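Below is one structure, written out as structure tokens, with a few remarks after it.
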Amino acid sequence: MRGKVKIILGIETSCDETAAAVVRDKTEVLSNIVASQVKLHAKYGGVVPEIASRRHVEAINPVIKEALEQAGCAYEDIDTVAVTIGPGLVGALLVGLSAARAIALSLDLPLMGVNHIEGHLYANFLENPTLKFPLLGLVVSGGHTSLMIVEDDKKVEYVGWTLDDAAGEVLDKVARYLGLGYPGGPIIDRLSQEGDPQTFAFPRPMMDSGDFNFSFSGLKTALIYKVRDDPNLRKEDKVRDLIASFLKAMVDVLVAKSMAAAQEYGLSRIALAGGVAANSLLRSEMKRATEAQSMTFFCPGLPYCTDNAAMIACRAFDLAEETQEQGQRQRDMSLDVFSTLRIPQKRSR
Ligand code: KG4
Ligand code: ZN
């Protein structure tokens, strides 16, 4: 059997970022290269899967090469190749998997498939190497809104998820509807800081549903109805208050559900992750709520909130350890991608 894994090459192509990173000992990021396709998709107001796949094909080899160069590594220095296998766009994921498989096969290296959502959560370790389990994770991104528990055994168990649109998806759609630009999340973040969140009343969907699931599409519809009834709300002086009130409603639900889940499962650590974790209001409200309950709050630095490959490599260290302990085969060439989250049995309370 191989010795302990020291250096992992991570590859991430689940959506519109082609990314590769080299990580040593789980948290030491030697390089973290992200080639963003945002400009290509901006004119469509959202990610176009076919365009994403084609761009990944063009970018993947240069991005991997740059990650190795910046890390000062040769292929021979790599112990394991880790790649995102889902959830995500199938055509996009396949580009990363094909590249990872080719490298693993040609160099006789182990190949680890990583769940993108778990990768996001693990981004918390990159700047907090001493972060401990058990913890409650909230991953909020363009494709996901998931509450999960990670126990000492490092297994991820889902306790709540979105029943319709993901939080970031709603932010992007609302920004597009209001003609604010793409991607919507960072724009809404900036504009809402100049608005008054008390101006407009918005519902707090599923706040009292008694479970830890989310639903944000009704919140989006509430905003659309308000603007339909009063088109003046699109104007610059009003839109800031509108967006600030809307964002506050979303953040209130995310924070309340996270706090309730932590209490229900007796957890004192909450870790935020995913692209929407970059949101200033969500970060500050989560910090405030956790501090009020003497809980500890973690969130990744901004470059590690949105899609990157360092988080994928980081998660793979724990997976590699687990498979080594169990003596399992480490290079499964039949590894395949998946588009949607296959939620394992929901953890009982
Ligand atoms: O994690 P990510 O890069 O990709 C997915 O896995 O989906 O997340 C992208 C999402 C987009 O919806 C984007 O609008 C949102 O994260 N986002 C933000 C902020 N920065 C990115 N949302 C709110 N505030 C931000 N500052
Ligand atoms: Zn993501």
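Residue numbers in this text run from 1 along the chain shown.
Backbone N, Cα and C atoms are what each Cβ position is placed from, and that goes for glycine too.
For the recorded site, ASP307 (Fe cation binding site), the DSSP three-state label reads coil. Among the features that TrEMBL reports, Fe cation binding site is placed at HIS116, HIS120, ASP307.
The feature substrate binding site is assigned by TrEMBL to VAL139, VAL140, SER141, GLY142, GLY143, ASP172, GLY185, ASP189, ASN279. Other C-beta atoms found within 10 angstroms of the C-beta of VAL139 (substrate binding site) number 29, with every protein chain shown included.
Taken from TrEMBL, the feature domain 'Gcp-like' covers 28-313.
Mean model confidence of the domain 'Gcp-like' (28-313) amounts to 96 (pLDDT, 0 to 100 scale). Same-chain neighbours of the Fe cation site beyond HIS116, HIS120, ASP307, judged by a C-beta within 8 angstroms of the site's C-beta center, are, in sequence order, GLU12, SER14, CYS15, THR84, ILE117, GLY119, VAL139, SER141, GLY274, ASN308, MET311, ILE312. In three-state terms derived from DSSP, HIS116 (Fe cation binding site) belongs to a helical segment. Cβ neighbour density within 10 Å is lowest for HIS116 among the binding-site residues HIS116, HIS120.
Taking a C-beta cut-off of under 8 Å and a sequence gap of six or more, SER141 (substrate binding site) has these contacts in its own chain: HIS120, ALA166, ALA167, GLY168, GLY274, GLY275, VAL276, THR306, ASP307.
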